[in-house]
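What follows is one structure encoded as structure tokens, with my remarks underneath.
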Amino acid sequence: IYSYFLASYIIHTFQMMTTSNKSFVAIFSFLLLSSMQCHAQLSSTFYDRTCPTALTTIRTSIRQAVSSERRMAASLIRLHFHDCFVQGCDASILLDETPTIVSEKTALPNLGSARGYGIIENAKRELEKTCPGIVSCADILAVAARDASTLVGGPSWTVKLGRRDSTTASHTLAETELPGPFDPLDRIISGFANKGLSTRDMVALSGAHSIGQAQCFLFRDRIYSNGTDIDAGFASTRRRQCPQEDQNGNLAPLDLVTPNQLDNNYYKNLIQRKGLLQSDQVLLSGGSTDSIVTEYSNNPRTFASDFAAAMIKMGDISPLTGQNGIIRTVCG
């Protein structure tokens, strides 16, 4: 309503002005209204009228999934992250292979490791029964990540809604935009910065590795390196299930202490040189992120608050809104 009256006022003022001033006012008015539209794109109340049971329906599906397998919480958070970092938060990661779509599911960072597609599909199926054609798969991903966090002891946050779904995927971007487990610190920082996320956001979001597991081939080099940045006892423990050859898919918890609890133990592990992935331990390697790691290791509330804020920012990466994109009936 406010936008309508402001627009009316601008139009009236524009008609009363001299020709010489109209160009400037037109440009200013366009920028002002565009800015207002941009800030109104996503809203926590987006489905209040059109699908008031949306959030509870999603939460029921996620609760059932996490109750059956605690590890699924990590997978759902990761799925949202891997979606947003490619084309933006548009559910492109959920699209299956077709004659015209090269799926992101088969990109190296996702192949054999991205999980939870069926959980999102189940939630979508339930929503289609009560609110057909209303709730986007992209929004389900965002809400699922929040619910997954809370179900394993992590923070909650208010999810902004109103995203629409893409009709395309980008296999190529999925292989180039997502941070890798062997990346150096400067590359990780710049990769997040390219998405509008600060270094502090990056360190907070890395705390998602307080839950979940990694495959042997992703940390083999680290545990056999005899490097000074890894605790010898920790490396020895991890070698038991990760031989120097074969068994690439053997899993190890990213956090040995509380593997199914989203908490700040991840940062305590880094201080003890017990980060499983190289891209984890590099956060405490004499660089710009050391002080943030130390802060989070000492203050779980600060970590929880920053993690929630960073997840909200991540959910704002290039969403499709308005007339852009579609509402998929089936997420795949």
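Glycine is treated like the rest: Cβ placed from N, Cα and C.
Cβ neighbour count for H82 (active site, proton acceptor) (all protein chains, 10 Å cutoff from its Cβ): 22. The active site, proton acceptor annotation in TrEMBL covers H82.
Here the Cβ of G88 (Ca(2+) 1 binding site) has 20 other Cβ atoms within 10 Å, regardless of which shown protein chain they belong to. Here TrEMBL flags D83, V86, G88, D90, S92, E104 as Ca(2+) 1 binding site.
As annotated by TrEMBL, substrate binding site applies to P179. Taking Cβ-Cβ distances under 8 Å and a sequence gap of 6 or more within the same chain, the neighbours of P179 (substrate binding site) are F85, R187, I188, G191, F192, S279.
Summarising the annotation, TrEMBL assigns heme b binding site to H209.
Residues annotated as disulfide bond in TrEMBL: C51-C131 (among others).
Per TrEMBL, the feature disulfide bond maps to C84-C89 (among others). A simple way to gauge crowding: the CB of C84 (disulfide bond) has 30 other CB atoms within 10 angstroms, across all the protein chains here.
Sequence-distant neighbours of C137 (disulfide bond): residues of the same chain at least 6 apart with a C-beta under 8 Å from its C-beta are A91, L94, I120, K124, D165, R328, C331. Per TrEMBL, disulfide bond is recorded for C137-C331 (among others).
If you look up TrEMBL, you'll see C216-C242 (among others) marked as disulfide bond. Within the same chain, the residues at least 6 positions away from C242 (disulfide bond) whose Cβ sits under 8 Å from its Cβ are C216, F219, R220, I223, N250, A252, listed in sequence order.
Per TrEMBL, domain 'Plant heme peroxidase family profile' is recorded for 41-332. Looking just at the domain 'Plant heme peroxidase family profile' (41-332), the mean pLDDT is 96.
The signal peptide annotation in TrEMBL covers 1-40.
Annotation comment: TrEMBL describes R78 as site 'Transition state stabilizer'. Neighbour density for R78 (site 'Transition state stabilizer'): within 10 A of its CB lie 22 other CB atoms from the protein chains shown.
The two recorded residues C89 (disulfide bond) and H82 (active site, proton acceptor) have their Cα atoms spaced 9 Å from each other. Sequence-ordered, the extra residues of this chain that approach the Ca(2+) 1 site, with Cβ no more than 8 Å from the Cβ center of D83, V86, G88, D90, S92, E104, are H82, C84, F85, Q87, C89, A91, I93, S166, A169, S170, L173, A174. For C131 (disulfide bond), the nearest of the binding-site residues by C-alpha distance turns out to be G88; the candidates were V86, G88, H209.
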